[in-house]
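Q: Quick one: the structure is below, and I'll ask about it shortly.
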């Protein structure tokens, strides 16, 4: 599928402070559907001779009429620096971090409203009791 796909990079910059290379990526895919982010990561890793785990592609937009997409790519020096500097949600997207498990919205509201009903020293006891239940 990806035989006639060309990937070009422009506005290349080495960012020593954040231990990465950053660039704008132009993808030419005439007559074909968009490439997946994983395919783009693998091709960029081949081009820059690095591991695909250290590559992050995002912000990909297809131009009107198709056949051409543009986005942004970051190639980190190591996976440790990627985990240190990348936003958590992007690490979750590529499977390098677990999503944050939040308490359900309704449970948060119920707990807040239970707390409103108790005043003074009883509030302290109620808080302790609710922590024991959770």
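Glycine is no exception: its Cβ is also placed from the backbone N, Cα and C atoms.
Pulled these features from Swiss-Prot for this protein:
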type     : residues : note
COMPBIAS : 105-117  : compositional bias 'Basic residues'
COMPBIAS : 124-134  : compositional bias 'Basic residues'
MOD_RES  : 2        : N-acetylserine
REGION   : 100-134  : region 'Disordered'
Q: Is the compositional bias 'Basic residues' (105-117) packed against any residues at least 6 beyond its ends, judged by a Cβ distance under 8 Å, and which are they?
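A: Same-chain contacts beyond the flanks: 123, 126-127, 130.
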Q: Sort the residues of the region 'Disordered' (100-134) into helix, strand and coil with DSSP and give the three counts.
A: 25 helix, 0 strand, 10 coil
